[in-house]
């Protein structure tokens, strides 16, 4: 007979569906029950991480068992996370929306904000107010579902002080968003840099601003002051002087007087004149403005203080509405007096028959000028015997001053500054000794006007002079004590004959005596 053993059926084994919430890790299924001895199980398609579902097959085999194949579904479901819109999001009316930010909680370990795509959105509208922030297109992918917690987005009036500059900009600039007069104004033209940038003008140029009516008052200022920027006759003028407040505030209301000191005889071209005048505006600001001085009447030779006017040149952003001129006082300091005066020669030889003799020239020592007036004051020293012409000292007298060799000259020097100095000089008149005098030894008293008399005028500068002429017999024919008196060849009215005569000259002052022969001729 045949013994037949057939494969056994495997029982008491189950393979159930299972579902997992996504956590970023791989999930799988397992059979339930006890495998008979000699059997084993193998799985296919048994592993899933991302959200979704798949069929897993479990195959149980053994040599004495009929193969058992079981299936079950493996499902991964999305994990819920919480996305919370950030509170306090806002913008200034008129500006672009900022990025709407948020925070997220509940993400799987190891995952972060990179899983998100899209962005939050808000309810539409641009008026000042609150707008709900919604999830918009924000997604975290298939592995997550979002529990969104919204918030309000605020559009705010961003100019608290109404100066045209958003509060946020003022905070960045470091100005006070609650003070309408405190804003960044680089060129000080009264128009905020922010406004100028919006209007397309240069915030660094005080003359570049929007001014539709051409009244020199910026449109911005007119709007702030409540006047019509399109009407040149409508501008704020608080004191009703015809000058708009804006211009008055930036107009020069005072020019600070200036002064300089210069040395006497400083030429105009060498004056170190200020090139700028100090101006004070209606706002009390101190600015420097270029100035051109009118020095008409400047006299460097006249000491004292004189005032001069200067024409100023307007600078950008500053007006000379009232036509003010700058003032400059120039003090020409007193001229220093000459320090000395010298004489090139203080001796001269007295020449007979010359009553005008050059002695020497004066040199005035003066560091500041070379023009002086030289004079000999009357009644001082022996000034009456001398004369100064073109700086040269002359003996200028017919007075013989016989016997005198030393004279005092008192010179007065006056400069162009009015300074006067005096200095005394000792002048020595030298005389030719009697023994060296050239005594004429011939004369012709024939009344022809030539050599008709004989004398020794060179002795006029000596005192105690005696001049005598004798004939051969010793008779004295001529005698004088005045060297300017000459012998005409007669004695007691009678003409002397041709021949030789003897002369004797005595100078009592020096004790000298000289004798010689004189020839009297008739032609």
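Glycine too: its Cβ is placed from the backbone N, Cα and C atoms.
On the 0 to 100 pLDDT scale, the domain 'MBG' (81-153) averages 94 in the predicted structure. Residues or ranges marked as domain 'MBG' in TrEMBL: 81-153.
Among the features that TrEMBL reports, region 'Disordered' is placed at 157-243.
The compositional bias 'Acidic residues' annotation in TrEMBL covers 157-176 (among others). Across the compositional bias 'Acidic residues' (157-176), the DSSP tally of helix, strand and coil residues reads 7 helix, 0 strand, 13 coil.
Residues or ranges marked as compositional bias 'Acidic residues' by TrEMBL: 188-206 (among others).
Sequence annotations record features per position, and here TrEMBL assigns compositional bias 'Basic and acidic residues' to 207-219. Within the chain carrying the compositional bias 'Basic and acidic residues' (207-219), a Cβ under 8 angstroms from the stretch's Cβ atoms is held by residues 187, 189-191, 196, 199, 201, 227-236, 244, 246-247, 316-317, 319, all 6 or more beyond its ends.
Per TrEMBL, compositional bias 'Acidic residues' is recorded for 234-243 (among others).
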